[in-house]
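Everything below concerns the one structure shown next.
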C-alpha cells in the first residue's frame, strides 16, 4: 500500500501513475495532470488564468501536482519569482551578522534607555548584555508572525467573484500548494522579501527606541532565514526518524495533503496549540 513514509519524499510521475491505479488507504500526494480536462491551460502562464476559476479555485489549488509552474509571460518576471534555497542564506545572513554587530556596539555605548520618551527619571537603561535576550525576543516574535501570515494571509479563502484576490492568493501561496515539489519556489525571493522586511523594520523603528528596535528586528530577520531554510528542508530533506525535524516534516506533509485548514506552524508547532489549529496526533498513527 501507499504508506505515509512515501509521503515524506518527492515522487516522480511513474510513482504517481502506479499508485493512482491501486486504491489505498492513503491518497497519493500528487495527481497527474490531464491537460485536456484540467481547468487551466498548462502550456500558458497560470497566474492570469486562475482568477477565472471562481468557485472552483479553492478545490483546484488544493489538488497537488508534481510538475513545475510558470507564472508570467515575461522571462524577467518569471526569473524573479524563482529562487534557489541558498540565495536566501547568502543574501540575508551577512545582513543579520552586520546588524547584530551594529546593535551590540550601539548598546555598548550606554545611551539606550527604555521608556525615555515618557519619563527620564524612571527610564530603564538597556545594557549590551541584554542583546542576546532582545535578539531571542525578535526570533520569538517572528515565529508568531510566521504563523499569523501563513494562516490569515497565505490561507485566506479569496471570494470566488474576485479575480484579483484569487490571482494574489495564487501568487503568494496558492502556487506552492498546487506544486509543492517545485524546488525553485520554496523560499521567498529576496527582491519582494526586501519590501516586506523593510516594512516591518519601519514599524519597529516607530514603536521602539532606534537601537532597541534594530535589535528586535535583527532577531526576527534571523528567525525568517531559519524559517525559509527549514521550509525547504521539510520538502527536500531526509531527517532521521524520531528527530524533531522528522516530526516537523511529517506535520508539514499532513498540512499540504490532508489538513490544509490546520497545521500552520512550519518552523515550530508552538502557535498551533493556543490558536487551536494543531493537527491531531492520531493522524500520524497511519504510518506503516
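Our numbering is plain: 1 for the first residue shown, then up by one each step along the chain.
From the backbone N, Cα and C atoms, a Cβ is placed for every residue, glycine too.
TrEMBL assigns the feature transmembrane segment to one of the listed ranges (45-65, 108-128, 129-149), namely 129-149.
Of the candidate ranges 151-171, 214-234, 235-255, TrEMBL annotates residues 214-234 with the feature transmembrane segment. Residues 80-85, 87-88, 91-92, 145, 176, 214, 216-217, 220-221, 224, 228-229, 231-232, 235-236 of the same chain lie 6 or more positions beyond the ends of the transmembrane segment (186-208) yet place their CB under 8 Å from a CB of it. Packing against the transmembrane segment (129-149) from elsewhere in the chain are residues 100, 103-104, 107, 200, 212, 215-224, 226-227, 264-268, 270-272, 275: each is 6 or more residues past its ends and has a CB under 8 Å from a CB in it.
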